[in-house]
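Taken from TrEMBL, the feature domain 'Tyrosinase copper-binding' applies to 202-219, 383-394. What TrEMBL lists as signal peptide is 1-18. The transmembrane segment annotation in TrEMBL covers 474-498.
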Amino acid sequence: MSLFAMGFLLVILQPSTCQFPKACANTQSLLRKECCPPWDRDGSPCGVLSSRGSCQNILLSQAPLGPQFPFSGVDDREDWPSIFYNRTCKCEGNFMGFNCGECKFGFSGPNCTERRLRMRRNIFQLTTSEKDKFLAYLNLAKNTPSQDYVIATGTYTQMNNGSNPMFRNINVYDLFVWMHYYASRDTLLGGSNVWRDIDFAHEAPGFLPWHRVFLLLWEREIQKITGDENFTIPYWDWRDAEDCVVCTDEYMGGRHHTNPNLLSPASFFSSWQVICTRSEEYNSQQALCNATNEGPILRNPGNNDKSRTPRLPSSAEVEFCLSLTQYESGSMDKMANYSFRNTLEGFADPRTAISNISQSGLHNALHIYMNGSMSQVQGSANDPIFLLHHAFVDSIFERWLRRHRPVLEVYPAANAPIGHNRENYMVPFIPLYRNGEFFKPSRELGYDYEYLQEPALDSFQEFLIPYLEQARQIWAWLVGAAVIGGIVTAVLTGLILACRKKRRGTSSEIQPLLTESEDYNNISYQSNF
């Protein structure tokens, strides 16, 4: 695209939209650019009367971005969420939420002072009743309107800069499908032009922290609508799997007996309708997904392009990925080499860590293997297997954090693709979360993985691995030091023996009677040493 064309598009483009707290989806909030709803317990904005928080100006990161997005001021997601709000609730202590009415992840109680650790478990280790409850919760979320959030049905420009609000309600499950779509959608540049090389949730450092927040928020919404405070998302450990073992009617839906692209009628997932799957249609119309139904879930596992993804990932590939010491490297996008993030995401070869976008490994491999709704980035969360898959991907991220124990500064502070610097707010979440805030062990966020808890030997091995890795890197120096130490010891021993021999050769009148001396043992010990 020429510089002239870019300049022209900057003038004609229309910004895109986000998800909003219902309390801020009104003319007054948009015109004031303020989202500081009252806490219902004391009626004050952000619960200020109860010292839970206060309404404050948003502090945006000024760190430079990478070169992948050559525009400025053309997308509502830039400098999130400043196009809509420049004042939001800043919560104190362990309080959290768009009105500071909730507790931070990992805390509970009326004053958010009680630590809480929840356990994510392997879906195949759930009892029948636990598994059935999880499936029922999914279906409930699909049929329950969100009480807190709405989605926008028009751009900020179409809303007349806030004077004409355009929103609609959405169910809890589809709210998260829509958010995933919104974060990864193309930038509309007016006419028939779009910019595709942009993604606020993928292909860059924020991939793992963003999906970590996504799952935590999803768990919290399920906990709200069910009253089950102990609910966690189960994971599917797909390492070395020969096929989609969760693709049965007992679990996530089997294959239709006459149409292999559909789910079995025996699964209630077969009645689900997908949203936000027609990205090319939205682009051509310069429109946004408005969450209308677009047909059933599609899935045909294993009948994918084998030249791109020949099989599901192996244990060896996961272990190699975990051995990588750099979280991010180079351009910090899908071309990064020797990057743990890029290798786990699947744009780098899981055997060499060299970028190869013609292949799909690890995380990406699972999406491609499903060969349906899961295989298109923007609409992939329509398939509930998405949750099981990303819970396991998050557990691999957690293993890397525990193995390498990185400091926060390991996460890039600058020059990452747009939206992915350490201090950037994640799109499109309100309340606001920075990428760097979730570059930490899961226990600090109130959850853990069952398979990372046992057996104890595995945990000990995980603890030793970083030190063994360091030893491997300096092995040649250690060997050299041992050889030199051996030579020095031999020389010293020779000198000592020579001195002893010389002493034995002196006259008996001046030779001490060592065998009769109390110092014999001390002299012998010193010689050996």
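Numbering starts at 1 and runs along the chain as it is shown here.
Cβ atoms are placed via backbone N, Cα and C, with glycine included.
From a predicted model like this one, the values you see are computed outputs, not experimental measurements.
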In the same chain, residues at least 6 away from the ends of the domain 'Tyrosinase copper-binding' (202-219) whose Cβ sits under 8 Å of its Cβ atoms read 105, 118, 176, 179-180, 183-184, 231-233, 327-328, 332-334, 341, 344-345, 347, 377, 387, 390-391, 393-394, 397, 411-412, 416-417, 419-420, 424, 426, 429, 433, 435-439, 442, 445, 447
Limited to the domain 'Tyrosinase copper-binding' (202-219), I'd like the whole-number average of pLDDT. 98
For the domain 'Tyrosinase copper-binding' (202-219), how many residues does DSSP put in helix, in strand and in coil? 13 helix, 0 strand, 5 coil
Taking DSSP helix as H, G and I and strand as E and B, the domain 'Tyrosinase copper-binding' (383-394) has 10 helix, 0 strand, 2 coil
